[in-house]
Amino acid sequence: MRLFAFLWSSVAFLSTVQAQVSQTASQTQDDSSTPTPTPPDKYVNIADALRTKTPMATPNRTIMPTRQDPRAPEPPTPEPTYLPTLSPTPAPTPDPGPWVAKWMDHDQVQPFKQPDPVTVSEKAAVKFKPQIHITNGCHPYPAVTWWGETSGGLKTKGAPSAGCKGSGWGSQVYGRSTWVKGVWAIMYSWYFPKDSPSTGLGHRHDWEHVIVWIDNPDIENPKILAVTPSAHSGYSKQVPPSADCVDGTSVKVKYESKWPINHALESTTEGGETQDLIMWNQLSENALRAMNSVTWGDANCPFCDGNFQAKLDKAWPF
């Protein structure tokens with residue numbers, strides 16, 4: 001009986017074990033066919049975070065240069081492009097301010113050399129340059145240098161020609177011309193260091209001038225229509241001039257004092273001397289400023305801007 005009971009218990013145990021094994025295999029098969037549930041959004045998927053989402057870069061490939069055909073001509077070298085050169089902005093010209101007179105000894109003033117005439121007016125001025133005969137008194141001297149230095153003149157002492165018988169540097173005649181009522185007027189001016197009929201009389205500095213009136217400077221043979229020499233703030237007039245008072249195209253005047261009256265110009269038959277001619281527009285800038293600014297005591301520069309037109313109007317001979 002005991003043996004039978006033992007065998008029965010063994011068979012029951014084996015049946016139980018076999019049933020459990022079968023149940024486990026069936027459950028395993030069901031689990032493999034069911035998908036793994038996705039974790040909730042609140043959890044981070046480490047696998048996704050570690051996975052690279054940027055596509056892999058394609059590695060650089062070195063392209064071998066193409067060998068140039070030796071028969072092909074070389075391309076022309078392009079011209080270089082240069083930046084334009086900018087002109088510097090000129091500095092504003094400073095105001096020179098008022099002219100300060102620079103006086104020097106009358107016998108140290110150097111004249112301007114007579115330039116070659118270029119314009120019609122310059123050629124006419126040279127063509128009709130007058131002669132001056134010094135009857136008594138000073139000879140003409142330069143009045144201004146290139147740098148604007150001006151003659152200091154002479155005191156009225158000694159003989160009328162004392163200290164002024166001529167400059168070792170050479171002398172000068174100053175010219176300026178323009179149209180006046182259809183007639184071409186050429187003014188020729190001389191400077192004298194003093195105007196003294198005798199010692200103690202007269203004044204330091206003197207300016208005298210003659211105006212030659214012609215029909216037209218721009219024709220082959222211009223004609224002298226009149227001559228007006230200056231005399232004591234006025235003029236003597238010859239319309240037309242006497243043939244004896246003209247040498248070719250050069251009128252003749254004399255500088256003379258009839259005591260006790262000061263010196264003046266008048267037409268003459270006597271020949272005289274000539275000087276280097278410098279026209280107004282040929283003077284240096286400093287010389288122009290000096291001539292327009294300097295006061296000459298009792299004498300007046302006739303061809304400066306302040307006097308030129310008024311002198312022409314007063315000397316009008318027609």
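Quick reminder: no glycine exception, Cβ is built from N, Cα and C everywhere.
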Segment assigned the feature motif 'Hepta-peptide GHRHDWE motif II' in Swiss-Prot (from 202-208, 265-271): 202-208
Structural state census, the motif 'Conserved undecapeptide motif I' (185-195) (DSSP three-state): 0 helix, 11 strand, 0 coil
Same-chain residue ranges lying at least 6 outside the motif 'Hepta-peptide GHRHDWE motif II' (202-208) that approach it to Cβ under 8 Å: 138, 151, 153-156, 189-196, 229-230, 255, 262-265, 296-302
Residues of the parent chain within Cβ reach of the motif 'Conserved undecapeptide motif I' (185-195), under 8 Å, 6 or more residues beyond its termini: 106, 124-125, 128-130, 132, 137-143, 151, 153-156, 163-164, 172-179, 202-214, 255, 257, 262-263, 275, 277, 299, 301-303, 308, 311-312
